[in-house]
């Protein structure tokens, strides 16, 4: 590998290590939906009480669909944000609560904790790989984690950044690499038992999309200047059509981050709901046959599919971010080429 290439990649890791803490604030705290997310222990206790009480009158029996409602509460408890971590059957860790600021709950939630964990992993990973690259000479090749990260960097650099942005892609590569790794780790950690999927929180995905939006607009202003940026809003049409074109172009500016927000949030949330729903089928029907024939096999299949989706959604978000930047910075005659890639 050429020395210039080594120095360039080393620089990418150093910049990413500096940029990773910026994503610590990639959230807007949400209040826990306690009324929609009953603790698992309460559900188990309710079932136990009904089972050991032989004198339970039929008039006091639970409605037919009550068990379904309890199952739904447990599912939502695992999906929604909250101020506690449940480690059944070991107990629950309650996170610190802070007084509201201007009516906004800024208390620490489980999704905030997951964001901190992901950011810490990124800092350690990028620092480790950066240190490994500093020891590499032009006659040696990276190995282990550094080799894996080099392949990832080259993939994002060539197939995502360079192919979609073109000239000047180097300035945006650190952000694209960081956001890809950040989303990927958030998705993967959400599949681990006792973990939580921060990207299943629409506030997190919205903040990431806002980052892309402002970076895109800043890149467009830098590439075209203020006059060129405003001219782009008219789409090169006659002034008589500006009253129609300008609102359409302005709406188009905000539909892009909206699409990024909803796509990532919906895909990550839906996958977890499907997995938990399949698991609870056997409990609702109280059948080991259903569990063995349907719930377990399909849950494993969906779980493996979710691992693939975790990588896919991180790639799609990064690819679309690069595409939006490329379209915003493309000059006349280059926009079609950027769209083609």
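Keep in mind that glycine also has a Cβ here, set from the backbone N, Cα and C atoms.
The feature transmembrane segment, as given by Swiss-Prot for the ranges 195-215, 216-236, sits at 195-215.
Sequence-distant neighbours of the transmembrane segment (307-327) (same chain, 6+ residues past either end, Cβ-Cβ under 8 Å): 156, 160-161, 164-166, 169, 172, 175-176, 179-181, 183-184, 187-188, 190-191, 199, 208, 212, 215-216, 219, 256, 259-260, 263-264, 267-268, 271, 335, 338-339, 341.
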